[in-house]
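*Asks:* Can you keep this structure in mind? I'll have questions shortly.
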């Protein structure tokens, strides 16, 4: 919001612009008309030269002798031709010449002789600019009546007739004169074209300014059309939404506008109480705008509805990085985003199309995604499918030299071959292990489930903020509590068992039941919990991880099953109870706002606004729906939540799948491309390594960074829209769109 500077009335500027445009338009139209006339004259003179030059091959010395008595051909008086042989010369379109000859043959009964020749010079139509294909013709005849008929036929076929002397010397003299006229005419045409170019270039320089002025004035009048005129036609009354923080600036702007135009009635603003739903406006900067656009693409938040955009600034790049964990690829992505951030002033002026605008608008998202990918890649100890030994491996070789050299694979016992725990991330020794994929498969699968459950629990907890703000405190007990209980008692318990399994079972323990060989599968344990089954323990092992596990699982399962009717019945019964205790006749209130505006003449203008009617005691969507609809909607919501809790948890396994696929593709690209170049020897190998590295770099950027990055981005977007935001976000609002000249100009440019 800014205070405008009213140095000059915009209406006067538009009037001046209109006069200037009319003057420029008149001048351009006159120049265009003159150009057409000049081009027409130039075309006629060009055709005349063609006629004069081409007729030389039609006449012989004998014909010239016979035509001495009728030197000007058809342009003499027919009565004085004395029956001598005459001729008509001109130009006709090529597509009409055959029909033209047939018509001449019919009207003369074969008593004419026609000679024609194609015009090789390109001729242009002055009005349309199309290329004209014409032919020069000469018609020889005898008799005055036949001459008149031939003229009528030429006129009917739109043939242009030109005077052509029969004498060779006279034709040459005429050609010389016509060429002189053509040269003079060409000079005039060039001068006219230069003048027209200068006028158009001058208009072109001012065209952006004119377009901006017209667009601004159009936007102003469009907004003024939304105003209402009072009964006395004294002033305009408009209703709109203004952020509370900007009220003072709006008042200052109105006062400045009234003072600049010398209005007798000062402009002012009044705050009205209304039951209409306000628009949604989030203050964003260039960092948060990209993340907010991701949320708005799903749906605009309702007024004062909790906004997940703030939390998305962290959760979005993190979940992306879980699937894209590689320090090398993350560095490339980070440098790309960092370049767009550092050079954003210059790049913001670049017009690279819609795809470039999308990438540039998400430059901070790209930079954070690359930064988080470097972080997760450090935990995965993965850089272009290779590992780095930062802290030193915690595994030691317990075999002698002979055993190592004679066996292709050796198995290390963690109880005797380890010296503590690797401080952070994965030990680099796993890079050369034959069971690396099995280990990473289990590791990343458990991580994806843990992150998914945490993300969904956070989404369910976000719904409490909406219930508190909209004063639906009962829904905290009827909706939030059973939903979070069902999620935690089922899948939260499964995550707890994963951590407990990591802590309980150790290769260095002396208790056989706590050794890794006795560790049960958490997935099988969860399935047995739901199906009320029990597994048989191995000799020396125990079925349960702790003594009261079965009893605790039974309690958790029963409470989780009780949460289903709790979600299904709680909300409809509460609404039915509210309606039963409500007064029988709903009191309808009508908001009537009366304003009196006193002008300088002493008269008063009374403004009466009747707002939308609403029932006393508040208004909500449930008040408009019959109970049958509420029961149906709640049943659908219950089924959707219970089933989606299971399906959404499984959906987070995409974190594991894409992470594993990304690591394997990177390893294949290294093994099948770059490793071959590194194994080459000699000078040829050194030269070939440059080309092989270029191929590896191309595929790394094209496949691993761009294609895999886009795939991980889309999967992360789906996890936020479906799995996370569906727990609390409705997105049924509409955006706050203030009047802004900059937005108007940008929208028109994009269109």
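Backbone N, Cα and C define each Cβ position, glycine as well.
Automatic prediction, not curation, is the source of TrEMBL annotations.
Take a look at what TrEMBL says about it:
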COILED    14-41  coiled coil
TRANSMEM  318-342  transmembrane segment
TRANSMEM  354-375  transmembrane segment
TRANSMEM  449-469  transmembrane segment
TRANSMEM  476-500  transmembrane segment
TRANSMEM  554-574  transmembrane segment
TRANSMEM  683-705  transmembrane segment
*Asks:* So if I exclude everything within five residues of the ends of the transmembrane segment (554-574), which remaining residues of that chain have a CB under 8 angstroms from its CBs? That is, six or more out.
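*Replies:* Same-chain residues near the transmembrane segment (554-574) but 6 or more away: 474-475, 477-479, 481-483, 485-486, 489-490, 493, 529-530, 627, 630-631, 634-635, 637-638, 641-642.
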*Asks:* Averaged across the coiled coil (14-41), what pLDDT does the model get? Just tell me the whole number, please.
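*Replies:* Reported value for the coiled coil (14-41) is a mean pLDDT of 87.
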*Asks:* Establish whether the number of Cβ pairs under 8 Å between the transmembrane segment (683-705) and the transmembrane segment (318-342) reaches at least three, counting only pairs separated by 6 or more residues.
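*Replies:* Contact between the transmembrane segment (318-342) and the transmembrane segment (683-705): present, because at least 3 Cβ pairs are under 8 Å.
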